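Engineer: Below are the features I grabbed from Swiss-Prot:
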- 1-182: region 'Large ATPase domain (RuvB-L)' (REGION)
- LEU21, ARG22, GLY63, LYS66, THR67, THR68, GLU129, ASP130, PHE131, ARG172, TYR182, ARG219: ATP binding site (BINDING)
- THR67: Mg(2+) binding site (BINDING)
- 183-253: region 'Small ATPAse domain (RuvB-S)' (REGION)
- 256-341: region 'Head domain (RuvB-H)' (REGION)
- ARG292, ARG311, ARG316: DNA binding site (BINDING)
Amino acid sequence: MTSSDPTLRPERLPEDMDRALRPQSLEEFVGQAEARANLRVFIESARMRGEAMDHTLFHGPPGLGKTTLAQIMARELGVGFRMTSGPVLAKPGDLAAILTNLEPRDVLFIDEIHRLSPVVEEVLYPALEDFALDLVIGEGPAARTVRIELQPFTLVGATTRLGLLTTPLRDRFGIPTRLQFYTEAELTLIVARGARMMGVDSDPEGTQEIARRARGTPRIAGRLLRRVVDFALVEGDGRLTQAIADRALTRLGVDHLGLDLGDRRYLSLIAENYGGGPVGIETIAAALSEARDAVEEVIEPYLLQQGLIQRTPRGRMLAHKAWRHLGLEAPKGPGQADLFG
C-alpha cells in the first residue's frame, strides 16, 4: 500500500535485532497465558516420557509470536530446531531432504503451512502419522514406492489462514493453538523489556504510549520502539518519554488507536465512496491497489478486533466507532439501519 507506513506492517525485523528482542523461554514470554500454560504441560509431559511432543499448529494474525513459541518449544524440549516455509517446499524431494536429516525428537517449524503444494502435503501425511516417507522412484511402469523410516519428530505449523488448510492436514495436528492479540498492559511489558535490551532509559508513560498504538502486536511494538528510540536519540536527550513517543508516532502517521495511513485510507474509502457499505472485498482490494490476501490478513484483523468494521454476507460495513474515528457522521439510510438503528 503506497500510503501505508511500513513501520506498522508486521513484517519481520532484521534477523539480529529480531533475535535479540525475542524471549528465550516460556517464563520470559509475555502474553498468550492460556497457550503458554498448555504448552508448558505438553512440553513437560514429552520430556518425562522421553518422546517427541505431539504435532502443534499455531494460527492467528501475523506478528503474535508463532515463530518465537516454536523456538522456545525446541529449547525447552532440549532438541534441535529446523525452520522452513510452505512456499519453499516446492516438491516432495525438498521435504524429504529436511525430514531425513532430523535428529530424534527435533522440532521442524513450517511457516505459512497453508501454502504447501498438494503433492508435498500428500508426502507429509505418513511422515506425521507413521514417521515414514513414501517416495515414488522412477516413472511409468518401472515406478515403485520406497518407504523410508524417519526419526520421531515434532512438526510445528504456523498459519495466518486456518481456513485454507485442508481438513486432512489440520486434523493431523494434536495441539491446535490460536494466538490472540495482546493487551495494552502486556505490550507495555514487552516494550519496556525491549528498551532495556537496547540500553535505552524509558519512562512508564513512554513505553505505554508505544504499546497503546502497536495494534495488539508485539512485532509492530518492537518496530515502533526502534523508530521512537531513533527520535529520542536525535531530537531528544536519549530517554524514551511519553512526549517523544507521541511526537515520533504522530510524525509516523500512527494515531491513538494504532491505525496508520493505510488503515484510514481503507476506512475512508468505504465511508466516502460507498456510504459506509456494504462493499465487497474484491472491490475494496481493487480500489486500494492491494491483493485481497493482504487486505484480509494484514489490514482487516485489527479493524475487526477494534470494532471498526463488520463483515456481512453482502460485504464490509463501517461500524459507528469508525465514523467517529474519521470525524464523519454516519448516514441514516436503510443500508445502515442494522448498525445504527
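Heads up, the Cβ atoms here are built off N, Cα and C, so glycines get one too.
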Engineer: I need the nearest neighbour of TYR182 (ATP binding site) among the binding-site residues ARG292, ARG311, ARG316, using C-alpha distances.
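Structural biologist: Nearest listed residue in space: ARG311.
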Engineer: Express the distance between the Cα positions of GLU129 (ATP binding site) and ARG292 (DNA binding site) as a whole number of Å.
Structural biologist: 34
Engineer: In sequence order, which residues at least six apart in the same chain have a CB under 8 Å from the CB of THR67 (ATP binding site)?
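Structural biologist: Set apart from THR67 (ATP binding site) by at least 6 residues yet with Cβ under 8 Å, we have MET83, PHE109, ASP111, ALA158.
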Engineer: Would you count the other C-beta atoms found within 10 angstroms of the C-beta of ARG292 (DNA binding site) for me?
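Structural biologist: Looking across every protein chain shown, the total is 12.
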Engineer: With a radius of 8 angstroms around the mean position of the C-beta atoms of ARG292, ARG311, ARG316, what other residues of the same chain does the DNA site pick up?
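Structural biologist: After dropping the recorded site residues, what remains is GLY280, ILE281, ILE284, VAL295, GLU296, GLU300, GLY315.
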Engineer: Please report the number of other Cβ atoms within 10 Å of the Cβ of PHE131 (ATP binding site).
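Structural biologist: For PHE131 (ATP binding site), the count of other Cβ atoms within 10 Å is 16.
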Engineer: Which of the three DSSP-derived classes (helix, strand, coil) applies to PHE131 (ATP binding site)?
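Structural biologist: Note: PHE131 (ATP binding site) is coil by DSSP, not helix or strand.
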Engineer: 10 Å Cβ neighbour count around ARG311 (DNA binding site)?
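Structural biologist: Cβ-Cβ neighbours of ARG311 (DNA binding site) within 10 Å number 14.
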